[in-house]
Amino acid sequence: MPDMKTLGEFIIEKQHEFPHASGELSSLLSSIRLAAKIVNREINKAGLVDITGSVGSENVQGEQQQKLDVYANERFKAALEARDQVCGVASEEEDEMVVFNKELNRNAKYVVLMDPLDGSSNIDVNVSVGTIFSIYRRVSPVGGPCTEEDFLQPGNRQVAAGYVVYGSSTMLVYTTGNGVHGFTYDPSIGVFCLSHENMTIPEKGKIYSINEGNYVNFPLGVKKFIKYCQESVPSEGRPYTSRYIGSLVSDFHRNLLKGGIYLYPSTASYPNGKLRLLYECNPMAFIVEQAGGSASDGTGRIMDLKPKELHERVPFFVGSTDMVEKVEELISSYPDLD
Ligand code: P6P
């Protein structure tokens, strides 16, 4: 049994690797750890108390807000505001950025973007859901309120990113630019224990994750990729497999461990793709690149895109490099005729 190391111990041990390590990023990651434990507790009993089901309001995406969505958003905001490292957050559940106005927050160095409970439509059917977070150093002057520019930075400026997957076991996976590390929650002692150090994604994947119900409106190059997966047998002999949970964090996590690609191209309902650049695509792109994979909008690197607005959507192809490059090649070879 390898010696057990907790997330807190690991963060402190690796603190010297953070640029300008001053303990603040460590403390910020610890506040996310705390909120994840609280949300995990509520998700695990969601079927028992009146906390599932839509709260009736709609979020900026026009999606029914599940009560757990709202709960998770409030928990993560409160945990982040309580520490003096964060001056504001942007969230899928908030129309505008949230400025933390306490004195201790205005002198903070970081902003956090998050999808507090991604895949929440799966809650009522007991399918895994997740939290996604992305951390930047602010560009606005310390001492004043954060500005929208702090949140509209390209993904290549992230200082940390991660996700929590609330599944058969709850895991927290994060990167600070020095590899990807996974921690499994032990509820009996209330700690995240190091279980997957230096995670790497297999370069050649066999799994493709896409909602084929949207096939008729996919770009021609994406249709060609699906056909390629269905008709070719890779050199290792095992055919490709289609796996789609409908929860980005769960599909991403499985593909990170086993190799594969997640695709959300433009569709009739989402002509620019469904996934949000700032708090879904960029953090997942940072993680997958640190694990040796790739993330593209079909024509270029996700993390090089300059965001224009908080809830901007982009086409998203993320996972094993050989599969992402294949999709890019087919999109380039078979451009849609306008
Ligand atoms: P569809 C959940 O709403 C989400 O943002 C991702 O977690 C998931 O991969 C995707 O949307 C599912 O979308 O259109 O296939 O139901």
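In case you wondered, yes, glycine gets a Cβ from its N, Cα and C as well.
Annotations in TrEMBL come from automatic prediction, not curation.
In TrEMBL this protein carries:
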DOMAIN    5-197  domain 'Fructose-1-6-bisphosphatase class I N-terminal'
BINDING   Glu92, Asp115, Leu117  Mg(2+) 1 binding site
BINDING   Asp115, Asp118, Glu280  Mg(2+) 2 binding site
BINDING   Asp118, Gly119, Ser120, Ser121, Asn211, Tyr244, Tyr262, Leu263, Tyr264, Lys274  substrate binding site
DOMAIN    201-330  domain 'Fructose-1-6-bisphosphatase class 1 C-terminal'
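Sequence features annotated in TrEMBL and their locations in the structure.
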residue	record	contacts (Cβ under 8 Å, 6+ apart)
Asp115	Mg(2+) 1 binding site	Ser91, Glu92, Thr131, Ile132, Arg276, Tyr279, Glu280
Asp118	Mg(2+) 2 binding site	Glu92, Val129, Gly130, Thr131, Ile132, Ser247, Leu248, Val249, Glu280
Asn211	substrate binding site	Tyr244, Gly246, Tyr264, Thr267
Tyr262	substrate binding site	Ser209, Ile210, Leu248, Asp251, Phe252, Asn255, Phe316, Phe317, Val318, Gly319
Binding-site residues near ligand 1 among Glu92, Asp115, Asp118 (Cβ under 6 Å): Asp118
Per-region confidence, the domain 'Fructose-1-6-bisphosphatase class I N-terminal' (5-197) (mean pLDDT, whole number): 89
Other CB atoms, at most 10 A from the CB of Leu117 (Mg(2+) 1 binding site): 29
Assigned element (helix, strand, coil) containing Tyr264 (substrate binding site), judged by DSSP: strand
Assigned element (helix, strand, coil) containing Glu280 (Mg(2+) 2 binding site), judged by DSSP: helix
